[in-house]
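Since the structure comes first, as C-alpha cells, the remarks are kept for the end.
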Amino acid sequence: MKRYILGLTALLISNGSAHAQDAAEAAGAATIDEWVNSAVAPVSSAVSSVIFYSVDFAGTEFPLIVGWLVVAAAIFTVYFGFVQFRKFGHALALVRGDYSDPNDAGEVSHFQALATALSGTVGLGNIAGVAVAVSLGGPGATFWMIVAGLMGMASKFTECTLGVKYRNEYPDGTVSGGPMYYLSKGFAERGMAGSGRVLAVIFAVCCVGGSIGGGNMFQSNQAYQQVVNVTGGESSILAGNGWLFGLIMAIALGVVIIGGIKSIARVTEKIVPLMAIIYIGACLIIIAVNSDKIAWAFGEIVNGAFTGAGVAGGVVGALIQGFKRAAFSNEAGIGSASIAHSAVRTKEPITEGYVALLEPFIDTVVICTMTALVITISGTLSTGLTGVELTSAAFATVVPWFPIVLTVAVVLFAFSTMMSWSYYGLKAWTYLFGESRAMDLLFKLIFCCFTVLGASMNLGPVIDFSDSMIFAMAIPNIIGLYVLMPVVRSEAEAYWSKLDAGIIRNFRHARS
Amino acid sequence: MPGTLIVGFDKTEASQRALAFAAAAAKATGATIHVVHILEWSPYSFLTAQELEERHKRRTEELSRAAELIAPAIQSLEAQNIAVTSDVRYGHAAELICEIAEQKPDAQIVIGRTGGFSVARRILGGMALALIQASPVPVTVVP
C-alpha cells in the first residue's frame, strides 16, 4: 500500500509538467495498475474457483451455482403457482398506490422502495453484462436470460416478503431488514436458532464481499473502460491511469457516503431515472432504424437458444451465459434487494413481495433484452469486442456520438449502484460488527479504497471476483428461502382473505 | 353564515395576511377557522436507501416541527375566541386543500397572494392559481 501511495504522489507531482515527462508518467501508471493486478488476481481467481465449482456437462463447464439459482427460481415459481404472472396486475396497482392509505402519506411508498432497489440493480449488468453474455453465448443467450429473468421474479417475491416480515424496527423509527434478519429471526421461530444465526453470518460476510466486488470494483472498472473508450482509447490521457479515475470516483463516493453530502446523492437519484429513460429511448431508436432486421434478430435469438450455433458449448454454452448474466443483473435469489425493500411502510409484508417481483421484469426482461437486441441487430457481435465496449460500438453504428451519452449513463449507473451497494454492504457489516460510528466509517473507507482498486484492474480478475462474491450470497439466502417459503405462502393466504373480506381496501376505487 | 374558512398557513408573510383576513371574517360571522399546513411530498420521488431507512423517523420529526410552527397562530386565534381546528398533511398543497374543502360544511378557502408578474411565477403558476382553477368552493386570495 505504501508503494502504491508513493507512486501516486509521484504521479500527481509529475502531472501538468512538460511533455517530456508524459512517457515516464505512462510507464509509472502502468506499473501501478500491473502491480495491483498481480497482487489481487491470485486471490480473486482462488475465490472464484471455489464458488464457480463446475461440472462437465455435455462437454461444457456448468457452474453449479448457476444451477442452484435457476432451480430455486423454478421451485418458487411452481410453489407459488406462477405468482409472477397471476399477480402482475396487482403488483402494478400496489406501485401506483391504489392500496396505500392516504393518511400514511409521507412514509416510504411502494414506488419509492421499488425505485431505490432498482437503482441498485439497473446498472452495468444491463449494459456491460449483457454484452459479455451475448459475446460469449451468442444471441441465443438472450432467450435464456429472459427465461431466467421471468423465473427470478418468484425468487425476488419470496425474499422481499421475508425481508419486510422479519425486519427490525427500532424505537427511533428507523428500520433494518434483509436476509441477515430473516435467516436469524425466521429460523429461530422454527426452532433452528443456531443454524439460522450461522447462515445469517455467512450471508453477511458474502454480502460485504459482494458489495465490494460486484457492487463496487466491477462498477468502477467498467465505468473507467467506457470513459477511456470515448476519450480516445489507447491515446486517451486516462489510458493506463485507471487508478486516477478510480480515485475521482472514490472521492465523489466518499463525499456522499462518508461526508453525508446529500446534494450529490440527490442529483444522481434524479438523473439516473432520466438516464434509464434516455437509454431505453436510444435502444428503441436503434431498433426502429433497423426495423427490417427485427424479425431476423428474434430468429437469431430463438435459433441460437436451441441450436447454439457458433457458440462454445453449443446450447448449454448459450444457456449458461444467459442464466449467469440474468442472475448477475437482477440479483434474484441473491438477497440484496431484500435489504432495500424492507424500508417500505406497509402492514402487509406480502405487498412488498408483489411489488418486488416487478424488479427482475424491468431489469432483465425489459432493459437487458433491449441491450441484447441492439447488439444483435447492429451486427457488431463479429467485431470481437466484449463488455461495455461492445455495447458502445453497437450504439455508434446508428448514432456516432451516442457513445458519449452511454458514457454518462454508465458512469451515473455505476455511481448509483455503488451507492446502493455501499448501503447493502454496510448493513451486513454492522450486522456482523455491531452498529457504531467507528465501524460505520471503517467500512466506508474500505469501500472507497476498493473503488480505486477496481478501476486499476483488468476486466478478467474483476469480473471473476465480483461474480463469485455476489453468487456466494445466494447459498445461505436460498437455503433460508426454502425453509421459510411456507411463511410466505401463509402470508399470501391471509392477505387475500383480508382483501376479499374488505379489511384491506382499494383507496383509489373508494375515492372515485 | 357560520361555515369553515380553510386557511393555508406556512408562517410566511403571505399566509399571515390570509390568516388575519380570515380571523376578521370569522369574528364577524362566527365561522370556524381550519388551519392547514401542507408538507410537499410525492410518493413517486426518489430516495436513497439511507433515506428510506430513516423516512419514518424523519416524518415523525417533520410532523412535530409542523405542529410547533402552526401552534402560535392557533393560540392567537383561540385567544380571540375564534373556533379553530387544524390539519397537517403530506402531499400536493392545492390538491389536498381542495380535498379538505369538500369534506367541510360550507367551506371557503383563504390564501395569501405570493406571486407577482415575474416570468417564473407565470410559468409555474402558484398554489393560488391551481386552487382558483380546481377548487370546489369559493376562494379568497388576500393581497
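Numbering starts at 1 and runs along the chain as displayed.
Every residue, even glycine, has its Cβ placed from backbone N, Cα and C.
Pulled from TrEMBL:
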SIGNAL    A:1-20  signal peptide
TRANSMEM  A:62-82  transmembrane segment
TRANSMEM  A:127-147  transmembrane segment
TRANSMEM  A:198-218  transmembrane segment
TRANSMEM  A:238-259  transmembrane segment
TRANSMEM  A:271-289  transmembrane segment
TRANSMEM  A:301-320  transmembrane segment
TRANSMEM  A:361-381  transmembrane segment
TRANSMEM  A:401-421  transmembrane segment
TRANSMEM  A:441-463  transmembrane segment
TRANSMEM  A:469-488  transmembrane segment
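Under the criterion of 3 or more C-beta pairs below 8 Å, with sequence separation of 6 or more, the transmembrane segment (A:198-218) and the transmembrane segment (A:62-82) do not qualify as touching, having fewer than 3 such pairs.
Away from its own ends, the transmembrane segment (A:401-421) comes close to residues 116-117, 119-124, 126-128, 210-211, 214-216, 219-220, 222-223, 226-227, 229-230, 249, 252-253, 256-257, 265, 268-269, 271-272, 275, 278-279, 282, 336, 340, 388, 391-392, 395, 451 of its chain (Cβ-Cβ under 8 Å, at least six residues beyond either end).
Tallying C-beta pairs under 8 angstroms between the transmembrane segment (A:361-381) and each of A:127-147, A:238-259, A:271-289, A:469-488 places A:127-147 first. Counting Cβ pairs under 8 Å to the transmembrane segment (A:469-488), the top-ranked stretch among A:62-82, A:127-147, A:238-259, A:271-289 is A:62-82.
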